[in-house]
Amino acid sequence: METFCFRVSFWVALLGCVISDNPESHSTNLSTHVDDFTTFRGTEFSLVVTTHRPTNLALPSNGSMHNYCPQQTKITSAFKYINTVISCTIFIVGMVGNATLLRIIYQNKCMRNGPNALIASLALGDLIYVVIDLPINVFKLLAGRWPFENHDFGVFLCKLFPFLQKSSVGITVLNLCALSVDRYRAVASWSRVQGIGIPLVTAIEIVSIWILSFILAIPEAIGFVMVPFEYKGEEHKTCMLNATSKFMEFYQDVKDWWLFGFYFCMPLVCTAIFYTLMTCEMLNRRNGSLRIALSEHLKQRREVAKTVFCLVVIFALCWFPLHLSRILKKTVYDEMDKNRCELLSFLLLMDYIGINLATMNSCINPIALYFVSKKFKNCFQSCLCCCCYQSKSLMTSVPMNGTSIQWKNHEQNNHNTERSSHKDSIN
């Protein structure tokens with residue numbers, strides 16, 4: 001895990017060096033209403049960086065142009081290629097990792113329980129983002145324009161792209177909250193032994209999570225349109241949030257705070273509350289004979305709780321830099337300040353690093369689980385090698401989070417062993 005974190009830090013630092021090697025070349029003129037010129041998985045660039053030509057554009061809602069920064073904005077070829085390599089790596093790792101995660105859970109009936117279903121839902125949301133949104137992001141960076149900008153399909157993509165971004169991050173956030181609640185329920189109801197299968201309550205939770213995520217993303221599909229504008233005598237079109245009603249104007253004004261509060265703070269607060277309650281519950285169980293009876297049972301569930309906590313921490317680390325840059329832009333930036341260009345250069349650097357970290361979150365969960373659970377690591381390797389179920393004498397069912405542990409030895413079919421394995425199943 002330490003090696004993995006070091007490699008991620010190295011690439012992020014390298015990306016930062018490429019961006020910051022010439023700060024003047026990356027300064028841009030930013031207005032409050034250009035927030036959504038470029039979109040990245042639920043949180044928008046406020047910086048005009050989609051064009052490969054030197055750009056010095058500010059496009060307010062009233063169509064007038066602000067005073068430009070002295071320096072022009074441009075994206076170096078080195079950054080383009082490094083960012084493209086990072087995006088392609090995330091695409092491959094995210095698609096293989098999340099698809100493998102879904103395959104393991106689908107093919108192994110013993111893993112079809114509540115928490116595994118929630119993490120499968122999490123993986124499916126990440127997979128949708130990786131397959132649909134990442135290719136569009138790479139195209140925008142390399143081509144310097146919106147795909148099919150002069151066709152109806154381009155308008156459809158302009159609606160679909162931010163909608164899926166918000167839906168994906170909503171699915172991630174709500175699933176993490178549901179996992180935290182589930183871990184508390186599992187510890188609080190220590191005597192409940194769950195067999196194979198997904199509980200009805202969990203199935204309802206998953207359906208509700210997806211429906212709510214889609215509903216919360218509807219304003220994105222409504223507000224984003226292809227906006228034509230003229231720059232240096234040339235006609236351009238870009239996909240951006242264009243408020244045309246009082247509701248959309250209100251949504252645009254509070255959007256950054258809404259994203260920070262609901263899509264970032266809420267899962268952290270939810271995890272803190274339920275993990276505190278879970279800790280108190282575990283401490284209350286550590287008494288006399290009850291402690292002995294529950295020792296192994298709670299040990300398994302404690303390990304699951306650590307895994308879920310790890311996923312929440314990774315989510316926080318991936319998304320915090322981007323939310324921080326958005327809040328700084330909202331609170332510190334003044335578009336009428338003549339000295340704003342230095343701040344814009346700093347915000348641009350934070351946005352680039354934050355966006356790449358946030359995008360990594362869509363592929364990092366399977367990797368994290370790979371390092372957290374040795375049993376999942378073995379099953380992951382076996383699944384990729386297409387030999388997960390070829391053992392002759394032993395059928396091992398191992399979950400992706402190292403929780404649903406069931407060993408059935410065909411030569412030693414012991415009733416007590418099977419009963420114990422069901423008790424160790426994640427609830």
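Here the Cβ of each residue, glycine as well, is placed from N, Cα and C on the backbone.
The signal peptide annotation in Swiss-Prot covers 1-20.
Feature annotation from Swiss-Prot assigns topological domain 'Extracellular' to 21-80 (among others).
What Swiss-Prot records for Asn29 (among others) is N-linked glycosylation site.
Positions annotated as N-linked glycosylation site by Swiss-Prot, on the basis of sequence analysis: Asn62 (among others).
Note on the transmembrane segment (81-102): residues 11, 14-15, 18, 119-120, 123-124, 126-127, 130-131, 134-135, 137-138, 141-142, 352, 356, 359-360, 362-363, 365-367, 369-370, 380, 383-384, 400 of its chain, located 6 or more positions outside it, place their CB under 8 angstroms from a CB of the stretch. Taken from Swiss-Prot, the feature transmembrane segment applies to 81-102 (among others).
Annotation comment: Swiss-Prot describes 103-112 (among others) as topological domain 'Cytoplasmic', evidence class sequence analysis.
Taken from Swiss-Prot, the feature transmembrane segment applies to 113-132 (among others), supported by sequence analysis.
Residues annotated as topological domain 'Extracellular' in Swiss-Prot: 133-159 (among others).
Look at Swiss-Prot and you will find Cys158-Cys239 tagged as disulfide bond, backed by sequence analysis. Note on Cys239 (disulfide bond): other Cβ atoms within 10 Å of its Cβ, all shown chains, come to 26.
Listed by sequence, the residues of this chain that lie at least six past the ends of the transmembrane segment (160-181) yet keep a Cβ under 8 A from its Cβ atoms are 36, 39-43, 115, 118-119, 121-122, 124-126, 128-129, 132-133, 136, 205-206, 209-210, 212-214, 216-218, 220-221, 224, 239, 241, 262-264, 266-267, 270-271, 274-275, 308, 311-312, 315, 361-362. Annotated transmembrane segment per Swiss-Prot: 160-181 (among others), in sequence order, evidence recorded as sequence analysis.
The annotation topological domain 'Cytoplasmic' is assigned in Swiss-Prot to 182-205 (among others).
What Swiss-Prot lists as transmembrane segment is 206-229 (among others), and the listing cites sequence analysis.
Taken from Swiss-Prot, the feature topological domain 'Extracellular' applies to 230-256 (among others), supported by sequence analysis.
The transmembrane segment annotation in Swiss-Prot covers 257-278 (among others). Taking Cβ pairs closer than 8 Å, the transmembrane segment (257-278) reaches residues 42-43, 169-170, 173, 176-177, 180-181, 183-184, 187-188, 216, 251, 305, 308-309, 312, 315-316, 319-320, 323, 326-327, 330 in its own chain, all 6 or more past its ends.
What Swiss-Prot records for 279-306 (among others) is topological domain 'Cytoplasmic', and it gives sequence analysis as the kind of evidence. Residues belonging to the topological domain 'Cytoplasmic' (279-306) score a mean pLDDT of 64 in the model.
According to Swiss-Prot, the feature transmembrane segment maps to 307-328 (among others).
Comparing 113-132, 307-328, 348-372 for CB pairs under 8 angstroms to the transmembrane segment (206-229), the maximum falls on 113-132. DSSP assignment over the topological domain 'Cytoplasmic' (103-112) gives 8 helix, 0 strand, 2 coil.
The secondary structure of Cys158 (disulfide bond), as reduced to three states from DSSP, is helical. The topological domain 'Extracellular' (230-256): residue composition by secondary structure is 11 helix, 10 strand, 6 coil, according to DSSP. Counting only same-chain residues at least 6 apart in sequence, those with a Cβ under 8 Å from the Cβ of Cys158 (disulfide bond) are Trp146, Phe224, Val225, Met226, Cys239.
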